[in-house]
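*Asks:* Before anything else, here's the structure in question.
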């Protein structure tokens, strides 16, 4: 595998915790899911500790930090509570995301351009504890350029509009937006990741984009795991991504 065809898979285990929290039980254990994902080829584990604690809990994050063999990508809102927790936990990677209590899932990208000083301060605090920061943003040139200005080393492009497109023409347009966003981010010296809404039937065109470093995928893998098991679900996704990346 050459550098040009290398692509990483970050497995988001939030929805293993969603199933647990639905009944207030101790199972299924997202930590076990994370370890299974690593054994199946995941390059990292993503968790989002939301303000309302709807799925991942603080204890999950603490345990994962101790047992992961790869690395944790800690998704977090830009709040004092989350910044203080991240400073304590010191995750290898942190991803700043927008967050609203009423949303089912993260619905859009972070408005970096509209709050540059706030984001710059958060990036500095996280970098000071050794965490590589990415910003979850729409594939919008204005937001990509602002991300570079605030000092974030990485961005994660929101692929939701591509994933939700209902007709082929719209999907093609949205894929092109992602492709152009990757090119711009790379030209500015940023590491470019992507994610949101990706599944087994739409991941390949995104994985084939030259310059994408990592895809973060969760819901589709957790759903598929109900039928084939968690390790198999992760392995199948990784295989699709690697096959697509060889076409770059």
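Heads up, the Cβ atoms here are built off N, Cα and C, so glycines get one too.
Note that the structure is a prediction, hence the values are computed from the model and not measured.
Swiss-Prot feature annotations, pasted as is:
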- 12, 23, 197, 218, 219: 3-amino-2-oxopropyl phosphate binding site (BINDING)
- 14, 15, 50, 55, 105: 1-deoxy-D-xylulose 5-phosphate binding site (BINDING)
- 48: active site, proton acceptor (ACT_SITE)
- 75: active site, proton acceptor (ACT_SITE)
- 156: site 'Transition state stabilizer' (SITE)
- 196: active site, proton donor (ACT_SITE)
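Are these features on the surface or tucked inside, and what touches them?
*Replies:* The secondary structure of residue 218 (3-amino-2-oxopropyl phosphate binding site), as reduced to three states from DSSP, is coil rather than helix or strand. The Cβ of residue 218 (3-amino-2-oxopropyl phosphate binding site) lies under 8 Å from the Cβ of 11, 12, 13, 14, 15, 46, each on the same chain and at least six residues away in sequence.
Classification of residue 15 (1-deoxy-D-xylulose 5-phosphate binding site) by DSSP places it within a helix.
According to DSSP, residue 48 (active site, proton acceptor) is assigned to a strand segment.
In the structure as shown, the Cβ atom of residue 75 (active site, proton acceptor) sits within 10 Å of 26 other Cβ atoms.
Counting Cβ atoms from all protein chains shown, residue 156 (site 'Transition state stabilizer') has 30 others lying within 10 Å of its own Cβ.
DSSP assigns residue 196 (active site, proton donor) to coil in the three-state reduction, outside any helix or strand.
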*Asks:* Can you check what DSSP calls residue 55 (1-deoxy-D-xylulose 5-phosphate binding site), collapsed to helix, strand or coil?
*Replies:* coil
*Asks:* Could you check which of these recorded positions, 23, 55, 75, 219, sit within 10 Å of residue 196 (active site, proton donor), going Cα to Cα?
*Replies:* 219
*Asks:* When you rank 48, 50, 55, 75 by Cα distance to residue 156 (site 'Transition state stabilizer'), which of the recorded positions ends up on top as the closest?
*Replies:* 75
